[in-house]
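In TrEMBL this protein carries:
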| type | residues | note |
| --- | --- | --- |
| DOMAIN | 26-82 | domain 'RING-type' |
| DOMAIN | 121-163 | domain 'B box-type' |
| COILED | 221-252 | coiled coil |
| DOMAIN | 271-329 | domain 'COS' |
| REGION | 327-364 | region 'Disordered' |
| COMPBIAS | 342-364 | compositional bias 'Basic and acidic residues' |
Amino acid sequence: MNFTVGFKPLLGDAHSMDNLEKQLICPICLEMFSKPVVILPCQHNLCRKCANLMPQASNPLWQSRGSTTVSSGGRFRCPSCRHEVVLDRHGVYGLQRNLLVENIIDIYKQESSRPLNSKAEQHLMCEEHEEEKINIYCLSCEVPTCSLCKVFGAHKDCEVAPLPTIYKRQKSELSDGIAMLVAGNDRVQAVITQMEEVCQTIEDNSRRQKQLLNQRFETLCAVLEERKGELLQALAREQEEKLQRVRGLIRQYGDHLEVSSKLVESAIQSMEEPQMALYLQQAKELINKVGTMSKVELAGRPEPGYESMEQFSVSVEHVAEMLRTIDFRPGASGEDEDDEVLLDRDGGGPAPEEERTDAADGLH
């Protein structure tokens, strides 16, 4: 490690302090060097406690399980440059201490505005190694873990990455998913608004056609009353069928919007979690849920003109004996002033029962 640059000039710049902190990180535990710091023959530095683990990690049979006896002799490779380090009979205690690095660490701790103790209190600890902080992420197992698990624990053969890197990556993925979900919610809300307008239009058109129908039936004799009731029931039935369909779609879209909004709220609360490890324990599931919700396809909307009720227009210019044959004219406007007179049976027109059947079919 190169420390030829003077230390005091670095203290005056926050960016330089960050760079200095990176130079004081042990390549094994990924934390700031803890004293005593030993210097290897290749000039790289390690915490003595980390260096003491290297021969054990290289040869698990070097010490018996659970033994705390300091090993003597042995060899391992430098984790920074892979240079082979051969230990004498004193083991890692035969390596020279780097007093310069230790002094720099002391000065850095005094000058730093962010106490290391407060940082340590915010870290979760490894369940297997109770005194080790969770500071890396196992890409193979997709779980946060500690550096000792990587050196000689359950994750020694796995690919790992720094915890902040995965934290930022997954937080970015969840943020993108939330943005897509919010945009989808806006589109769903717009569709709901349009369908509510369709309902209003259906009701307005139905109301207008009812008024026209009533006005024309008021000019007829008592014989028209029975037929008028039949036609009003048919119109109301068609109106109810259309309204039930559109309102059913509104409920479906509304339910989707409610579920989606709750998921957005849950995701936003998760993003406010300051603990990286706690966040990562639930981030994957949230990302999957957000992705699945974003791909949900909703039922289609009513076709253009679905709200129209023009097919319920009637003709009122009929002779009394033909009044019971009056029916809706498919495709005719309720505001037509010239109404066709249906032919009677003698004139070759269809029988009343046949006309009723045809008209009923035309309503659907």
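The backbone N, Cα and C atoms fix where each Cβ goes, glycine too.
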Segment confidence, the domain 'RING-type' (26-82), expressed as mean pLDDT:
74
Looking only at the domain 'B box-type' (121-163), how are its residues distributed among DSSP helix, strand and coil?
8 helix, 11 strand, 24 coil
Secondary structure content, the domain 'COS' (271-329) (per DSSP, counts of residues):
29 helix, 0 strand, 30 coil
